[in-house]
Amino acid sequence: MLVEGFPLVLDVTKPTLLLDDRADTAIALPRLENATLDVTGMKCAGCVRAVEQALQQCQGVVTATVNLATEVATVEYENGALKPSVLAIALTEAGFPSQLRLSARDRETADATGNRFDPQALRREESQRQLWRLAIATLLLLFSGIGHLDQLGGFNVPALAPLGLTNIWFHCGLATVALLVPGRSMLIDGWRGLRRNAPNMNTLVSLGTLTAYLTSLIALLVPQLGWECFFDEPVMLVGFILLGRTLEQQARNRAASAFQTLLALQPTVARLIKVRGEQERGEVSERPGEQGDKFSAPPHPTPHTPYPSFIEIPADRVRLGEWLQVLPGDKIPVDGDVVIGQTTVDESMLTGEPLPVWKQPGDRVAAGTLNQTGTIALRATRTGNDTTLAQIIALVEAAQTRKAPIQKLADTVAGYFTYGVMAIATLTFLFWYFIGSHLWGDALMHAGQLALSAGHTMAHSSLHHTVEASYIPHPTPLILSLKLAIAVLVVACPCALGLATPTAILVGSGIGAERGLLIRGGDVLERVYKLDTIIFDKTGTLTTGKPVVTDCLVLASDGSAVTPHPTPLTPHPLPLTPSLLLQLAASVESGTRHPLAVAIQKQAQQQALSLLPARDFVTAPGLGVAAIVTVPIEAASETLAVVIGTQAWLVQQNVVADAVMTPSVHGLLNARKTVVYVAVNGRLAGLIAVTDTLRPDAVETIAALKQMGLNVMLLTGDQQETATAIAQPLALPPDAILSGMLPDGKAKVIAQLQAQGHNVAMVGDGINDSPALAQADVGIAMHSGTDVAVETAGIILMRDRLIDVVESIRLSQATFHKIRQNLFWAFIYNVLGIPLAAGLLLPTANFLLSPAAAGAMMAFSSVSVVTNSLLLYLTFPASKRSGKAR
């Protein structure tokens with residue numbers, strides 16, 4: 001079959017490789033264990049590389065991925081190869097204090113003993129210390145500037161001299177305080193990084209500030225050398241860098257705000273319903289059901305049965321099956337089923353939809369959602385890390401750690417960045433001291449003039465140590481070479497490289513979580529960016545997934561419908577009626593949750609038809625079901641072999657189906673109905689027609705995807721007539737519709753498209769879609785589908801709205817675009833900034849970048865990367881992130 005837009009004849013019978021390298025990797029995953037660590041002390045991309053190397057050196061570690069923005073490390077290791085605590089010890093010994101993520105019980109134990117390692121608390125303390133350091137550095141910078149007021153624009157401030165603010169020893173003191181107080185942590189961390197052979201950004205800053213300070217100190221103590229003092233450079237460097245880091249941290253906190261909001265949704269307390277006569281629950285170490293205590297629901301509860309008592313326990317200690325009371329205004333502590341009471345629940349945190357949802361007995365509720373109006377009792381079905389909210393949090397955090405392949409180049413560069421910068425700084429000094437200053441002697445004279453616009457410099461003589469009235473000193477080759485080398489050290493910014501990808505993913509995944517779009521990581525973002533084809537499943541994806549039975553026809557031997565007259569079964573005398581046909585079908589379908597099976601079962605329930613005893617079930621995904629059904633006949637019973645499913649399934653089961661395509665069948669198919677064939681004792685006995693309606697946003701979704709330049713296809717297990725009728729409102733051409741597809745057939749189609757170089761996304765919701773979702777470059781699953789489909793998908797749509805396929809693609813593309821912008825800026829900044837700092841334009845354009853100006857550039861380069869990531873909030877503003885239907 002020729003698919004429009006593709007030079008390909010799809011042969012679904014041809015053997016094709018179904019799983020690519022990604023899927024092969026996934027197959028090997030069950031033998032691996034995962035560990036998550038909170039890591040502190042990372043400053044730049046060089047630290048990220050050092051942490052990853054330290055983890056990978058641990059025996060048994062397969063992969064290690066570190067996120068600089070969130071300070072989290074994710075490790076995959078061979079099962080039983082090591083104790084996870086070894087990983088934290090290795091990082092701590094390497095200079096990065098770390099701890100494994102604790103379970104709820106471990107957190108309680110750590111809190112009780114006072115040994116808990118709280119990374120959030122450490123970060124808050126560090127932020128507070130940094131603010132104090134910035135305040136002190138700002139004060140020092142202010143005093144440094146006041147000392148030069150008499151040099152700027154002809155200002156004459158007589159009071160400055162008596163106060164000593166123009167004395168060079170005063171400026172020496174300012175520089176000393178700047179290094180020992182606000183700059184002390186940078187110097188210590190830079191030295192530690194150098195000592196453990198993992199230099200970082202602080203190493204570069206420390207080398208630059210110390211070089212400037214020591215050179216100025218020598219010039220002050222040995223005036224005979226005729227060197228220039230520039231004590232203001234360390235003061236300005238420390239001040240600018242601390243200001244940049246503070247702004248960067250604020251921006252990073254803003255980027256992580258959506259994820260922190262998710263964490264804040266986690267409930268902490270649950271009201272456990274207690275049966276009369278029980279003892280009070282013991283200490284935290286006790287659990288319900290232990291030591292003779294039993295905590296459960298009262299027997300035979302009714303809405304009028306008052307609960308005698310309840311106790312409050314930590315929400316993460318609730319067990320499956322326990323009954324909980326939830327009052328109006330409370331967060332629901334666990335996933336569960338409502339058993340008593342009615343209420344409305346705010347599920348906006350889960351789905352993004354702002355309107356409350358009505359809940360009554362039998363309805364499911366999710367942890368973290370807000371109970372609004374009524375008191376309810378619920379039975380816990382998922383607790384702890386298994387709740388929907390906990391899984392969303394885990395998925396979002398894992399997504400923030402997974403890197404985009406485009407980040408690999410940045411990681412490679414960042415790993416050797418600081419070594420390269422130190423080498424370039426050394427070469428810069430050697431070149432200008434031995435060669436440049438002799439080739440371009442005039443540049444030395446211009447260098448002093450350039451200092452007027454780039455920063456403050458000071459000269460002195462042996463007779464007095466005050467700032468000279470002539471602001472321009474006499475430069476020397478040594479001082480010029482040192483200044484240029486220092487500028488190279490401080491202008492380089494490995495932070496921008498390290499933050500380019502994680503901050504964009506942090507913002508994008510946070511926006512997605514707010515909108516009910518869960519994107520698994522940077523690798524998914526990059527694959528979405530390259531998509532050119534979108535393939536949809538029909539049932540439950542393009543349609544509502546809630547089909548209903550419309551017709552139940554009993555066929556005569558010639559294939560004509562004989563309803564409502566009973567037809568004897570050959571060779572058995574049992575008369576077959578539409579009711580019995582439906583009852584047989586519902587009994588056979590009782591073991592499956594396929595939407596068509598659910599529709600048949602519901603129709604049988606509505607007609608008060610009980611399920612008949614059935615055994616020896618045989619299920620073929622995408623085809624049908626067969627079973628042996630026992631039908632009671634007065635005092636005896638009749639055993640029937642029933643086969644229900646597609647025409648192909650009947651053929652496989654050796655069913656005689658001479659009249660499969662009768663006018664009755666054609667009429668049902670042309671009416672957009674799915675025909676389910678029912679065979680009894682080896683012969684086609686009847687038809688059950690099921691209809692499913694298109695989702696209300698299906699037409700809008702397909703049109704939007706086409707406007708984005710994507711090719712859209714439909715793969716379905718239905719017959720061609722039904723598929724064509726369903727696709728007609730969607731304006732899909734016949735060549736873009738493939739019918740009669742089995743689950744592996746869908747995967748084969750995708751594999752053949754990929755073999756031709758196409759990048760394919762598959763949108764589905766059921767277990768039948770799992771092979772195709774795994775095979776596709778990007779799998780998009782509706783959350784209402786099966787757990788298997790959700791596990792194999794790269795994007796999960798929590799709101800169960802088809803238009804979110806478009807929104808998820810737009811968000812993914814916008815986020816990846818920000819990643820590319822950030823990486824481009826990070827590379828171009830260093831590619832241009834380092835040569836400028838090295839004096840590239842000094843001989844020709846008389847342009848000199850002072851160390852202070854270089855430090856300011858470095859500080860604000862990382863701020864610009866984080867700020868650019870935050871601009872995603874302008875693309876997806878809060879009014880649209882509210883989840884309100886458009």
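Any Cβ shown, glycine's included, is placed from N, Cα and C.
TrEMBL tags one of the stretches 35-55, 161-181 as transmembrane segment, and that stretch is 161-181. Using DSSP to sort the residues of the domain 'HMA' (33-99) gives these counts of helix, strand and coil: 22 helix, 23 strand, 22 coil.
The recorded stretches the transmembrane segment (201-219) and the transmembrane segment (484-507) share 3+ CB pairs below 8 A when only pairs 6 or more apart in sequence are counted, and are therefore in contact. Outside the transmembrane segment (413-435) by six or more residues, the chain places 44-46, 48-49, 199-201, 203-204, 207, 477-478, 480-482, 484-486, 488-489, 492, 494, 497-498, 827, 834, 837-839 with a CB less than 8 A from a CB of the stretch. If you look at the transmembrane segment (225-244), the same-chain residues 6 or more away from its ends with a CB under 8 A from one of its CBs are 130, 133-134, 137-138, 140-141, 144, 148, 168, 171-172, 174-175, 178-179, 182-183, 186, 205, 208-209, 212-213, 215-216, 218-219, 455-460, 473-476, 478-479, 483, 486, 490, 850-852, 855-856, 858-860, 862-863.
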